[in-house]
Amino acid sequence: MLLTISWFLIAFLLALLNSTNILIQIETRSEFPWGEVPEDSFILGQLESCVHTLNLVFFPLLFHIGSHYLIIFSSGAAVCDLFLLFFIPFLFQLYASTRGFYGLTKNEHQLRSIRFVNGAVALVVVVVCLEVRVVFHSFGRYIHVPPPLNYLLVTITMLGGAVAAGTYAVGMVSDAFSSLVFTALAVIVSAAGAVVVGFPILFLPLPSIAGFYLARFFTKKSLPSYSAFVVLGSLMVMWFVMHNYWDLNIWVAGMSLKSFCKLIVGSGILAMAIPGLAVLPPKLSFLTEAGLISHALLLCYIENNFFNYSNVYYYGMDEDVMYPSYMVVMTTFAGLAIVRRLSVDHRIGSKAVWVLICLYSSKLSMLFMASKAVLWVSAVLLLAVSPPLLLYKDKSKSASKMKPWQGYAHAGVVALSVWFCRETIFEVLQWWNGKPPSDGLLLGSCILLTGLACIPIVALHFSHVMSAKRYLVLVVATGLLFILMQPPIPMAWTYHSDVIRSARQSADDISIYGFMASKPTWPSWLLLAAILLTLAAVTSIIPIKYIVELRTFYAIAVGIALGVYISAEYFLQAAILHALIIVTMVCTSVFVVFTHLPSASSTKLLPWIFALIVALFPVTYLLEGQVRINKNFLGESGVEDMAEEDNKIATLLAVEGARTSLLGLYAAIFMLIALEIKFELASLMREKIVERGGLRHSQSGQSSLATVPPRLRFMKQRRASTMPTFTIKRMAAEGAWMPAVGNVATVMCFAICLILNVHLTGGSNRAIFFLAPILLLLNQDSDFFAGFGDKQRYFPVTMAISAYLVLTALYSIWEDVWHGNTGWVLILGDLIGYLQSRMSPSLS
């Protein structure tokens with residue numbers, strides 16, 4: 001296994017090296033902005049060019065010899081492999097680059113002669129080796145001519161066809177004589193090929209005439225000639241298929257052989273007809289587009305059946321792969337290259353290019369997921385997502401930008417296509433998780449995919465519309481929230497599919513795991529609603545910044561949603577606390593919202609709301625334990641047994657856990673209030689500094705009014721007198737309560753965190769280094785921290801850490817003394833001795 005992996009890595013590196021050699025060995029020149037480039041300015045010399053050429057030609061051959069040195073001369077096919085590995089890169093080097101052999105000579109005539117002679121020799125060798133390695137090895141059953149005549153006819157067919165194609169490709173068919181030779185060669189090749197496959201001698205003129213018309217089309221560009229070739233070629237293809245396969249009663253890739261033959265014949269006829277349709281006038285280009293799209297659909301259908309069929313058998317018991325994956329890749333990129341070429345030549349329109357690119361690209365999805373529907377699902381998604389990228393590419397025209405109704409239409413099509421493809425999304429999630437996904441995960445994935453698919457619409461065509469960006473962010477956030485929280489979804493929303501229904505109601509899962517009672521997750525809808533409301537308010541989708549009544553309803557709704565969620569999710573057994581927790585969350589939401597976006601009455605009501613939050617803290621904390629203890633202990637009568645004792649212990653543990661949760665909740669509330677007040681005070685101070693700078697600038701400008709014209713002087717005086725003073729008044733009005741409230745919230749948060757540290761870690765000394773920075777939220781006020789400024793903001797942190805460490809040390813010593821443990825004396829003596837030993841050298 002390790003040897004196989006090593007050879008694979010070597011093969012990959014060599015393939016990468018050989019692919020870059022073509023780029024390296026081409027004549028590379030430095031860029032000079034003047035005159036003719038001198039010969040000594042070439043980066044690569046003749047020696048380097050020859051080395052790279054030899055590397056390209058011999059490395060595949062040497063690698064094959066190193067990998068298969070035991071069997072390289074075991075058969076004729078193995079020897080043909082050697083010749084193919086040498087001459088195919090050699091042919092590629094001869095004709096892929098225009099200056100790949102400039103290291104041999106710089107004479108164009110000599111280079112042309114070298115390419116012609118070496119290309120002819122290489123072409124003959126490659127054709128002969130392909131006959132032995134491919135034709136007679138894999139398609140020998142279709143050759144109906146006895147030897148040695150079969151070798152002669154096959155050689156004439158393949159070598160003649162290769163010569164004809166090569167001469168036409170290099171432009172040697174240019175005059176009457178070469179056209180006559182090309183036509184005669186096409187007729188001979190067609191007749192020889194027909195004889196090889198067993199075509200009746202009586203109808204032998206048909207392939208000869210087809211070859212004649214094909215050659216005439218290439219030399220004269222005659223459309224009737226190509227039409228005649230298509231008709232005759234279709235008849236010959238149909239005869240070949242019916243003669244060899246029509247009577248076989250077998251099934252291939254889940255379909256009968258006759259059905260498969262019909263698809264192959266239809267695909268072949270379309271493939272032959274498309275080149276003729278491509279030379280039609282531009283007014284008839286829709287025929288070319290229809291032919292290309294039909295051929296792409298047939299190819300997708302055939303490859304989908306064959307490749308997925310082979311995947312089923314490949315992962316099962318059969319090791320024979322019917323349709324390899326590299327064929328999918330080759331046909332995909334070949335189709336994309338043809339589409340690109342026809343688009344550049346303006347043979348097809350942009351809409352046909354869009355459809356063809358989506359169809360060919362969707363085939364690649366079969367390589368990643370074994371499902372019969374994944375190809376068509378990918379095609380639908382690509383057709384829905386790609387229009388903003390492919391149909392509106394010309395930015396110089398006004399039509400290249402979508403109109404609003406077009407954007408809405410495309411977004412609706414994207415949403416419908418994603419919902420149409422939910423079964424494949426379900427299969428992907430099931431394959432990823434190893435189990436059927438929940439309803440919330442499925443719906444969230446669909447919403448997230450919809451939002452991501454709409455990004456090109458907003459980014460390319462509505463980048464100037466802020467509302468479009470906000471709605472897009474809201475959609476993506478909704479999908480992520482559904483994925484993370486996975487709220488319960490009604491059955492009617494997702495079970496409109498047999499695939500999903502069968503996965504949900506699997507008999508094997510029930511027989512293995514049984515029926516499992518799930519925890520009710522409906523409160524997650526409330527948390528999801530609260531987060532979405534907050535996000536909508538932040539992005540100004542809900543205009544709470546300008547409407548006080550809407551701001552009030554928003555704050556109350558968010559508070560109720562969060563309160564009910566926390567009560568139902570974490571305090572389900574303590575019903576009396578629900579009202580207190582909901583009131584606390586509503587007050588917190590109102591306080592935070594109106595502190596950030598104040599109204600006319602905010603300065604009067606917010607301190608009382610904070611006082612209510614502080615008062616609810618001890619009431620909720622004490623009430624939770626008392627109610628549960630009274631309910632479980634005072635209601636008991638009779639003789640206590642072990643079950644009752646266990647019930648009491650469980651109740652005490654539940655009370656302890658609930659009280660710890662309440663402490664964490666109120667610590668988070670006070671932390672949020674302190675952070676909000678700190679932010680608001682910093683914003684007010686920043687505005688005050690800016691206004692002072694503006695006033696100073698206006699006062700300095702008044703000294704130069706004498707040199708200013710009277711009209712401009714009046715305008716400056718009016719602007720200076722009407723500068724906003726709302727911030728200063730607001731500081732005077734709010735400065736009396738905001739810093740004090742922030743300091744109380746900070747101190748209470750710090751105290752609660754210390755209590756939680758004692759409950760959870762037993763009073764760890766390390767925790768103080770994480771909790772003390774909370775005191776950085778303290779503000780300068782007129783009561784407790786009158787002289788507290790920016791220079792003293794680290795003093796409370798240092799003082800808290802020092803005091804905590806000293807107190808915990810004293811408590812530890814006192815606890816040891818109280819319990820009679822004398823180990824602290826030894827520890828203290830060792831510490832004093834260590835300090836003396838460190839200080840004595842310095843004193844001396």
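Note: Cβ is positioned from N, Cα and C throughout, glycine not excepted.
Pulled from TrEMBL:
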SIGNAL    1-19  signal peptide
TRANSMEM  148-170  transmembrane segment
TRANSMEM  176-203  transmembrane segment
TRANSMEM  223-242  transmembrane segment
TRANSMEM  321-339  transmembrane segment
TRANSMEM  374-392  transmembrane segment
TRANSMEM  404-420  transmembrane segment
TRANSMEM  471-489  transmembrane segment
TRANSMEM  525-544  transmembrane segment
TRANSMEM  574-593  transmembrane segment
TRANSMEM  605-623  transmembrane segment
TRANSMEM  661-679  transmembrane segment
TRANSMEM  736-760  transmembrane segment
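Beyond the ends of the transmembrane segment (574-593), by six or more residues, the same chain brings 544, 551-552, 554-556, 558-560, 562-564, 566-567, 606, 609-610, 612-613, 616-617, 619-620, 623-624, 627-628, 658, 665-666, 669, 672-673, 676 to within a C-beta distance below 8 angstroms of the stretch. Non-local neighbours of the transmembrane segment (605-623) in the same chain are 576-577, 580-581, 583-584, 587-588, 590-591, 594-595, 659, 662-663, 666, 669, 673, 737, 741, 744-745, 748; each lies 6+ residues outside the stretch with a CB under 8 Å from one of its CB atoms. Among 148-170, 374-392, 471-489, 374-392 has the largest number of CB pairs under 8 A with the transmembrane segment (404-420).
Outside the transmembrane segment (525-544), and at least 6 residues removed from its termini, the chain residues within Cβ reach (under 8 Å) are 467, 470-471, 473-474, 477-478, 481-482, 485, 487-488, 550-551, 554, 557-558, 561-562, 564-565, 568, 593, 597.
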